[in-house]
Amino acid sequence: AREKVGIIGYTTKETPVLSNPGPYLEFRDEVEELQIHANKLTTLGVNKIIALGHSGFFEDQRIARKVKGVDVVVGGHTNTFLYTGSPPSTEVPAGNYPFMVQSDDGRQVPVVQAYAFGKYLGYLNVVFNDKGNVIKASGNPILLNKDIPEDQVVKAQVNKMKIQLQNYYSQEIGKTIVYLNGTTQACRFHECNLGNLICDAVIYNNLRHPDDNEWNHVSMCIVNGGGIRSPIDERANNGIITLEELTSVLPFGGTFDLLQIKGSALKQAFEHSVHRHGQGTGELLQVSGIKVVYDLSQKPGSRVVSLNVLCTKCRVPTYVPLEMEKTYKVLLPSFLATGGDGYHMLKGDSSNHNSGDLDISIVGDYIKRMEKVFPAVEGRVTFLDGTLFQAQLFLTWGLCISLLFFIL
């Protein structure tokens, strides 16, 4: 017999700070809005409902607990890897697949994600009873390696497009002799060497002729970890960096702009950088010309222990404490300069904001000039002993709490 299955889409209510959707779209609480539409489907006689969205693993679990009528949650955004048993590749599972959540009304609701980059195909087998409740759920992500046959129709279409793009994207920019760590697990949680490379390139691009007062007009760069989208493996292709790989790292086509702001606003930005550290969100700032120390045991808004910046009005550049009332020049992505990722304190206007060059051009030109790159993790972003460890456990503890809730 045919069965009616309802699918309701959702996306994060944080979209206005993560992207630029314009002024005419309203993003509301996922649970409240999903409940409205689940109720509509229920009145139409649909008793099997899938919530399909992009709000992150914690929100997926909240939806599973709170929304009456939703039987399965298929999520994204945090690129969470779930797997039952021994994983087939290098990703470490954040929990079983499916991740079972007990709803507030006593049902078992499977929650799934399947990592990112098309590396896996999510596979979930669900059995419902006559009332539409899940009585069994099983499966695992399928690793799309060479053992999985390619779809020949899609492959032909892709190959046709690749021919047109191949000459452009296959351009060799330079070489890396170290792993350029641009993973979510690195750049959104602590200092990452690919973030250092990007910001160093931006500073280099903005070097001007020194004068009697300054060795350069700007010494600082910041970039949000969420804007770094992919690593580059030095063991692949003999370490050669192509334009295609660099485009995977910086795919959004933004610019790096020059902003003049007070030290107090910059301090506020660094507090925002870690105000919800440990959740895998993209606010954490990667830097150049800045050294920051955090204490994550303190409450949000009071976590910056020290913030030192590289002097410009000096013959020998050294790090000096940030002055709250002093005006500084900072290089940053255009996304941040328009208040993206919640950085309203960085939002500039025509009086203090100057647009710069395309991000991929800046980094590409720098790598070409250097020929070989080997950026290190240097202690630009550090955490007091023990506090980073606690924050990185936050995701795991969140999973444990949910699992305990289910067991109890």
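For all residues, glycine too, the Cβ spot is worked out from N, Cα and C.
What Swiss-Prot records for His54, His77 is Zn(2+) binding site. Taking Cβ-Cβ distances under 8 Å and a sequence gap of 6 or more within the same chain, the neighbours of His77 (Zn(2+) binding site) are Thr12, His54, Ser55, Gly56, Phe57, Glu59. In the three-state DSSP reading, His77 (Zn(2+) binding site) counts as coil.
What Swiss-Prot lists as N-linked glycosylation site is Asn167 (among others). DSSP gives Asn167 (N-linked glycosylation site) a helix state.
DSSP classifies Asn181 (N-linked glycosylation site) as coil under the three-state reduction. Annotation comment: Swiss-Prot describes Asn181 (among others) as N-linked glycosylation site, evidence class sequence analysis.
Within 10 Å of the Cβ of Cys187 (disulfide bond) there are 27 other Cβ atoms, across all protein chains. For Cys187-Cys192 (among others), the entry in Swiss-Prot reads disulfide bond, with the evidence type similarity to another entry.
According to DSSP, Arg229 (AMP binding site) is assigned to coil rather than to any helix or strand. The Cβ of Arg229 (AMP binding site) lies under 8 Å from the Cβ of Gly182, Ser248, Val249, Leu250, Pro251, each on the same chain and at least six residues away in sequence. According to Swiss-Prot, the AMP binding site annotation covers Arg188, Asn224, Arg229, Phe252, Phe335, Asp341, on the basis of similarity to another entry.
Secondary structure at Cys221 (disulfide bond), as computed by DSSP, is strand. According to Swiss-Prot, the disulfide bond annotation covers Cys199-Cys221 (among others), on the basis of similarity to another entry.
According to DSSP, Cys314 (disulfide bond) is assigned to coil rather than to any helix or strand. Residue density at Cys314 (disulfide bond): 13 other Cβ atoms are found within 10 A of its Cβ, drawing on all protein chains shown. Per Swiss-Prot, the feature disulfide bond maps to Cys311-Cys314 (among others).
In the three-state DSSP scheme, Phe252 (AMP binding site) falls into the coil class.
With respect to Asn167 (N-linked glycosylation site), the closest of these binding-site residues in Cα terms is Phe252, chosen from Arg188, Asn224, Phe252, Asp341.
It is Phe335 that, of the binding-site residues Phe252, Phe335, has its Cβ surrounded by the most other Cβ atoms within 10 Å. In this structure, the binding-site residues under consideration are His54, Arg188, and the one with the smallest number of other Cβ atoms within 10 Å of its Cβ is His54. Of all the binding-site residues given, namely Asn224, Phe252, Asp341, those whose Cα is no farther than the 10 Å limit from the Cα of Cys187 (disulfide bond) are Asn224. Of all residue pairs in Arg188, Asn224, Arg229, Phe252, Phe335, Asp341, the annotated binders of AMP, the farthest apart have Cα atoms separated by 18 Å.
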